[in-house]
Amino acid sequence: MASEIHMTGPMCLIENTNGRLMVNPEALKILSAITQPVVVVAIVGLYRTGKSYLMNKLAGKKKGFSLGSTVQSHTKGIWMWCVPHPKKPGHVLVLLDTEGLGDVEKGDNQNDSWIFALAILLSSTFVYNSMGTINQQAMDQLHYVTELTHRIRSKSSPDENENEDSADFVSFFPDFVWTLRDFSLDLEADGQPITADEYLTYSLKLKKGTSEKDKTFNLPRLCIRKFFPKKKCFVFDRPVHRKKLAQLEKLHDEELDPEFVQQVADFCSYIFSNSKTKTLSGGIKVNGPRLESLVLTYVNAISSGDLPCMENAVLALAQIENSAAVQKAVAHYEQQMGQKVQLPTETLQELLDLHRDSEREAIEVFIRSSFKDVDHLFQKELAAQLEKKRDDFCKQNQEASSDRCSALLQDIFSPLEEEVKMGIYSKPGGYRLFIQKLQDLKKKYYEEPRKGIQAEEILQTYLKSKESMTDAILQTDQTLTEKEKEIEVERVKAESAQASTKMLQEIQRKNEQMMEQKERSYQEHLKQLTEKMERDRAQLLKEQERTLALKLQEQERLLKEGFQTESRKMQNEIQDLQKKMRQRRTCTIS
C-alpha cells in the first residue's frame, strides 16, 4: 500500500553483471507489497547526460539516484524507486533509472538494446534524455528505436499473413517524452517562435528521397512517429557553469539558473499530471505484484535467448492471478455459506437457495479479479470447486439432519422401549395402548423444529427396525381375534408401503431440485461470463478506436508532407485494423 512505502532511496531492480541481466529479489519483494495501481516512469539516454537528476526531482529528493561526477557511467542495470504519487491518491509512482547507453566501458550494444526495450515494456511514460539539439547525431544515437520490432513481440505467434505492425505496439507502448539538456538554441522555425513540442514535430519530419542516406535519416523518425503517437518535448538550459555541474545535487535552487529551475518544475508537473497508470491490453491496471510478474517474465525471456513477448507476459500474469481469483472466490463462497447456513436446513431447497446466492457472489468475485481466462479454464475450475462445495454442504446437511433426528428419536421413543421391556403392553388391550402411544410420540417427533431433510427417512428406518417388537405385542394381545390381527398386520404393511412411496417421491423431488440447481448454476456462470466478455470486447474496441484515430492522424501528416508510399503503407495498416474492429463488433458469444 502507498502508505506503507518507505523507500528512502532507490534499489537495483534489474542487475547488469558482465552482460547478464538478473532480477533483484529484494526489489521484487517491495513490488509485491504494493497493492495500488502504479504509474511507471522510465528514463533512458546516453551515459553522463543527467538522467538521474531528473528522476531525483520526480522523487521529490535532492539525492537518491546516483549522479556521478566523472565520465564513468554510475547507474548499472535498471534501478527502481517507489514513492507515493504526489498528484494521484491511491497510486504509486515507480521511477526507473537505467544505465547510460553507449558506455564505452561496456562495449556491448546488445546490452543497451535490451535495457532500452525493457524500459519501454515496463513503463507507462518513457523519457528519452539527450544533450543539445535534435540533430542527426541525436537520431543516430536513438537507433535502438529502429530495433524494437526485432527486440519485442506483441503476440506469441503472429498470424501467417500478418506482420506485427505498429498497431500491435501502439496499444501497449508508453507515452514518449524527449528531454533535451543544455539546450542552447532559440526555439524558432522560419523566423517564428515555436514550442518545444513543435520543435520535436519539426525534427521528426521526413526527407523525400530513396537513397540509403535518406532511408537512414527517415527510419528512426518513422519509428518514433509510428510507435509513439503521443509525444512531448522539454528543453532545459544548462543549470550552472560547467565547473559546478559536479556539485549539482548539493546546490540549492537559488544557486541554479532560474530558467532551468522553472523548466524542471514544468517537466515534473507534466509527468505528475499526465503520466498514465500502467495498463495492459484489455484495460488491466497494473499494481505492484503485476509489475513484479512482468519484470520476471521479460527478464527470463531475454536470459533464455527469447524475445520478450507482451502477450506471453499477460498470459503468465493471468495464470497467476486467475488461479488466485478462483481461490478468492471459493473463500468468499465458504465465508458466505458459513455465515448464512444453519445445519440442518428444514428443506433441501432452503440450502440450495443459500448456495445459489453465495455462488452468484463468488462468481462476481472471480469475474472482478480475473482476466484473459483463455477457454474459460479457470471459470470451469471455479464451477467444479463450487459444485464440490455444494455437494459437501449437502452431505453435511444430511449428516446433521440424521444426527439430530436420531438424537430426537432416542429422547422421544426410549421411554416407550423401556415400557415394552417392562411388559406394560404385554396384556389384553396392550396393543391398542401401544399403537396410541406410538402415534402420540410420532406426533411429538413431527412437531420438533429443524429436524432437516432426513426427518421422514430416519423415522421410517426406526419404525421398520421395531416391526418385530410391534408384531410381538400384537400377537400376544388376547383381546384381538385372529381376523383383527390379520387386518392390523395388513394396515401396518400398507402404512409402511405408503411411507416408502412417500420417501421415494421425496428422493425424486430432491434429485429434480439438484438438477434444476445445476442448470441455474450453469446459467449464472454463462450470464456473468457473457457480461464480462461484452465489457472486454467494448474495452478492446475502445483501445482499437484510439489506435485508429492516431494512425489516421499520422497518415494525414504523411500525406501533407508528400510521402505517398508511407501513406499507402499506413492505409494498409488502417484497413487491417478496421477489418479487425468490424469482426469484433459482429462476433457472437457462444
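Cβ coordinates come from backbone N, Cα and C, glycine included.
Listed features, source Swiss-Prot:
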type: REGION; residues: 1-309; note: region 'GTPase domain (Globular)'
type: DOMAIN; residues: 35-276; note: domain 'GB1/RHD3-type G'
type: BINDING; residues: 45-52, 67-69, 97-101; note: GTP binding site
type: MOD_RES; residues: Ser156; note: phosphoserine
type: MOD_RES; residues: Cys587; note: cysteine methyl ester
type: LIPID; residues: Cys587; note: S-farnesyl cysteine
type: MOD_RES; residues: Thr588; note: phosphothreonine
To which of the recorded positions Thr98, Ser156 does the lowest count of other Cβ atoms within 10 Å belong? Ser156
So if I measure Cβ to Cβ from Gly45 (GTP binding site) and keep only same-chain residues at least 6 apart in sequence, which ones fall under 8 Å? Lys51, Gly100, Leu101, Tyr128, Asn129, Ser130, Thr179
Could you measure between Thr98 (GTP binding site) and Ser156 (phosphoserine) for me? Cα positions, answer in whole angstrom. 27
Looking at the binding-site residues Thr49, Gly100, which sits with the largest number of other Cβ atoms within 10 Å of its Cβ? Gly100
Give the number of CB atoms, excluding that of Lys51 (GTP binding site) itself, located within 10 Å of its CB. 28
Distance, Tyr47 (GTP binding site) to the residue listed as 'phosphoserine' (CA atoms, angstrom): 33
Among all the protein chains here, how many other CB atoms are within 10 A of the CB of Tyr47 (GTP binding site)? 21
Over the region 'GTPase domain (Globular)' (1-309), work out the mean pLDDT and round it to an integer. 85
What does DSSP call Thr98 (GTP binding site) in the simple three-state scheme? strand
Indicate whether Lys51 (GTP binding site) is helix, strand or coil by DSSP. helix
